[in-house]
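Participant: When I checked Swiss-Prot for this same protein, it listed these features:
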type	residues	note
BINDING	G11, T12, S13, M14, D15, A16, V17, D18	ATP binding site
Amino acid sequence: MAQRYIGLLSGTSMDAVDAALVELEPLRILATHSIPISLALRQQLFAVIERSTTSLGELGALDIRLGRLFAETALELLAKAKCSVTEVQAIGSHGQTIYHWARGPDPFTLQLADPNTIAEITGITTIADFRRRDLAAGGQGAPLAPAFHAAFLRSPHYHRAVLNIGGIANISFLPADHRTPIWGFDTGPGNTLMDGWISRHLNQSIDREGRWAASGRVNKTLLRYLLTDPYFSLPPPKSTGREYFNLVWLDHILSKTGIKLSPPDVQATLCALTIASVKLAIQSSSPHTEELLICGGGANNETLMEGLRKQLAFCRVTTTTAYGIPPQWVEACTFAWLAKQTLEGHPGNLPEVTGARHPVILGAIYPANAAVSSRT
């Protein structure tokens, strides 16, 4: 039987924990499952992220609660798939990013969802904390997805790019010539600003299908101001997060410029910002890109997808579904694959992407509790 792995993560929207049960080499998705994050837990997480201070007790409690929720998601996934824990080699858990700051003399990243708890409850060896070893080696700790994209989505026929639109958007450039290294970076905000803005004004977690953005009009003056942020002109390797691109950042620009817009017009402009920053990334880094594959939650935003197709008319824009991986499950598959890389002693980072001094084996291994495994 082919080896099976589980990938677990919660994205920057923090609306659910996603899990995928996969076989690798070749990749086959056996089952997927999501558990919504309760409003109370979500509000606690946002409060920790948005406040400049929090108590160690609060942080520790959230770590355990998320660990239990991640474990519950994995077990429900296995029940759905009628798969025993003994059939699973490992869980790759990204956790929930609370902070990611790759600049300055002391770069660090922090993800919650205690892997000890996950391993103990599930009885499955769990690999977690994937980003910090790359940071220790001088890298950005992100993006990590390009290594997975290269393994499963590279084409010998096309200069292809893969764009993951989560809270932050990251892109991988995959040259057709396999002798040419791939590269990639975070392009800037994906959904995070749009999610935050609609939450503030309509108390909704996401702009479903981009309908609210579609109801507004893009303000070109505001868009130009947003694009003057230094991040967009930084050369790669580079990474960013909601610590930087957030509503505080947006409010500062709105206040500084004095531009008065309706909330839907701001939403339309934020959608245009994601599109424009992606276009800038492609034109400056790989203008000969022939095909762009979209994955992540942004693939469900019709307004965003339509804008990308219009602005990137020089290449074919589609989703990863065309190549057998549903867009919403690419990241979960990525961490399942990274778990396998770690267990087998293979590096999971790409120094040409993250800027690390050398390839490194990512993450820490939390062995299964044999007593729990034997009962399942």
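Just so it is clear, glycine is given a Cβ too, placed from its N, Cα and C backbone atoms.
As the structure is a computational prediction, the values presented were derived from the model and not from experiment.
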Participant: Which site among D15, D18 has the most other CB atoms no more than 10 Å from its CB, taking these as binding-site residues?
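Facilitator: Per the Cβ count within 10 Å, the most buried is D18.
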Participant: Please list, in sequence order, every residue of the chain apart from G11, T12, S13, M14, D15, A16, V17, D18 whose Cβ lies within 8 Å of the Cβ centroid of the ATP site.
Facilitator: L9, S10, I37, Q96
Participant: Have a look around A16 (ATP binding site) and count the other CB atoms within 10 A of its CB, chains all included.
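Facilitator: Neighbour count, Cβ to Cβ under the 10 Å cut-off: 18.
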